[in-house]
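Shown next, in structure tokens, is the structure this report addresses.
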Amino acid sequence: MVSFISISQGVSLCLLVSSMMLGSSAVPVSGKSGSSNTAVSASDNAALPPLISSRCAPPSNKGSKSDLQAEPYNMQKNTEWYESHGGNLTSIGKRDDNLVGGMTLDLPSDAPPISLSSSTNSASDGGKVVAATTAQIQEFTKYAGIAATAYCRSVVPGNKWDCVQCQKWVPDGKIITTFTSLLSDTNGYVLRSDKQKTIYLVFRGTNSFRSAITDIVFNFSDYKPVKGAKVHAGFLSSYEQVVNDYFPVVQEQLTAHPTYKVIVTGHSLGGAQALLAGMDLYQREPRLSPKNLSIFTVGGPRVGNPTFAYYVESTGIPFQRTVHKRDIVPHVPPQSFGFLHPGVESWIKSGTSNVQICTSEIETKDCSNSIVPFTSILDHLSYFDINEGSCL
């Protein structure tokens, strides 16, 4: 159990925390565009298409214990550097509001400079670090912008596609449905772009500010589709509250537009839900495959255990996760609690054009893991100069 109290500047992770505290036994209440109904577990819901057994096979790659050492390795290395240069992490940790999961909420002024972190072409377990191309950065920026639109009340629940980021990234977008749950405030929408030939499924993240937060619990729940896989109980519960609202809508859109691709995205908690949704779509909808289904997350937390991470990798579904500088959220729940990121990481190291890609499909000690435990809540609020958490 980890606790921290109010943050004087920046955002709290209020909705993220509510999901972290939400157990699988919670009673979910959800609704589509203002209506309300009771949702049940996605894994047990007869209204959903059945699981495709061949798409739920446990991963053959069992990984290694070293996969869970990337973050602890850098925490020790960077803490030693910090203390050898006169810093005192022990004094920072004396107040619960300074650390969460061992990570700093507010960056110390004398933290190790980010320039000491991984550089391009450096080797690590399972891949290398390369510089993102201009085209790749434009793509990452686009999905950060689309994820930001979910914070606009005019979009969810307003059903209006008229915000600044809306018109910038998908000018011909048509909202098919919005969805929301009352218990965990899970929100999102399904959007179609005929020019881009794309069906978007977008989840809203955290947007509550300056609140007191205590007793974050990192509980696992069995991930029923895949033997041995476990995911965060709160993330799964919050996701399951809305699956009935969006799933048939995506299916209807695929039937009407069979050549369109499906892209799932979200920021913060929305990133966790996007990953779960992407896997659910792949496991139940035979028309979707790595050729027409992709997942892009922005500042998303860790979702599951190593078996879940290796399973996501084994599906072949393209999964790109973007992390801004020292954003703390991608480092919770901590690796030390048994959580592991799947996906190719794109790390905004500085500015908006210095972006590194860790090519491994499982997180390594490079990219954003290279700066722990010196993280910051402020870097969670902006990606590629796009405000995340507010509609601007």
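Just so you know, glycine gets a Cβ as well, placed from its N, Cα and C.
Swiss-Prot has this to say about the protein:
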type     : residues      : note
ACT_SITE : SER268        : active site, nucleophile
ACT_SITE : ASP327        : active site, charge relay system
ACT_SITE : HIS380        : active site, charge relay system
BINDING  : ASP379        : Ca(2+) binding site
DISULFID : CYS152-CYS391 : disulfide bond
DISULFID : CYS163-CYS166 : disulfide bond
DISULFID : CYS358-CYS367 : disulfide bond
REGION   : 50-69         : region 'Disordered'
SIGNAL   : 1-26          : signal peptide
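In this structure, the residue listed as 'active site, nucleophile' belongs to neither helix nor strand by DSSP; it is coil. Looking only at the recorded positions CYS152, SER268, CYS358, CYS391, the one with its C-alpha closest to ASP379 (Ca(2+) binding site) is SER268. Residue counts for the region 'Disordered' (50-69) under DSSP (helix as H, G, I; strand as E, B; rest coil) come to 8 helix, 0 strand, 12 coil. Taking Cβ-Cβ distances under 8 Å and a sequence gap of 6 or more within the same chain, the neighbours of CYS391 (disulfide bond) are ALA148, THR149, TYR151, CYS152, ARG153, SER154, VAL155, CYS163.
Within 10 Å of the C-beta of HIS380 (active site, charge relay system) we count 28 further C-beta atoms, all protein chains included. For the pair HIS380 (active site, charge relay system) and ASP327 (active site, charge relay system), the Cα-Cα distance reads 5 Å. One residue stands out among the recorded positions ASP327, ASP379 for having the most other Cβ atoms within 10 Å of its Cβ: ASP327. ASP327 (active site, charge relay system) sits 16 Å from CYS358 (disulfide bond), counting Cα to Cα. Looking at CYS358 (disulfide bond) and the residue listed as 'active site, nucleophile', their Cα atoms lie 20 Å from each other. Highest Cβ count within 10 Å among the disulfide-bonded residues CYS152, CYS163, CYS367: CYS367. Listed disulfide-bonded residues: CYS166, CYS358. The one with the lowest count of other Cβ atoms within 10 Å of its Cβ is CYS166.
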